[in-house]
């Protein structure tokens, strides 16, 4: 097995050897690439420092709300966004890539609205007064578009609640059937308006009253009734019962002073 593997390896061609000149060229190219990377890194570090200084001055200036950075490459824009985020600013890029794409910075208290961002994306300058007018016009147009629909819905709602014949007032129930036991079958509206009540219901007329006495007669009868009642109660209260214990002064009087003196003189 080992002989077979050795024969296969021996039959294969050896890789070409690298010459001294080629090694020198590869080494020099590697050194050049490292120098270029180092130079680019220094340039980016210098650019970051400039952006940091510029953003710091922008934050210190209380009169500025936003800052526009000139168009630049994608790597540089990434550095601007990174520094702005660390500084607490809002940053957005606008424009065409590799042509005029730039970065706009805003302070947090003056963050842009959606309408402002849309204007910059369209390549337009933002005008607050013009934006207010456009917003008012947009609201007016929307109301004008909705008004016919709302008016139609209102008419339909009123039409549903309106009776078919406004001159006819249809009650929920027929009063003749409801008060049939009071006014009878033949009674009409005139009879109902006359307030003629049945003697079995409602107010009782004077002719149906059983008591026709005057007030004086009623008072006299009441007094006589009370007098009879008192007379019936008096004899019963004056007669004592057999089991009652009499302790009144009439049945057991105390001895008088004259009686006590007479008794003492007799004994003497």
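Glycine residues also receive a Cβ, built from the backbone N, Cα and C atoms like all the rest.
TrEMBL labels come from automatic prediction, so no person has curated them.
On a predicted model such as this, the values are computed, not experimentally measured, just so you know.
Now, the feature entries from TrEMBL:
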type	residues	note
COMPBIAS	256-268	compositional bias 'Low complexity'
DOMAIN	45-108	domain 'R3H'
REGION	1-27	region 'Disordered'
REGION	199-268	region 'Disordered'
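Residue counts for the domain 'R3H' (45-108) under DSSP, helix first, then strand, then coil, are 31 helix, 14 strand, 19 coil. Predicted-model confidence for the domain 'R3H' (45-108) is 92, expressed as mean pLDDT.
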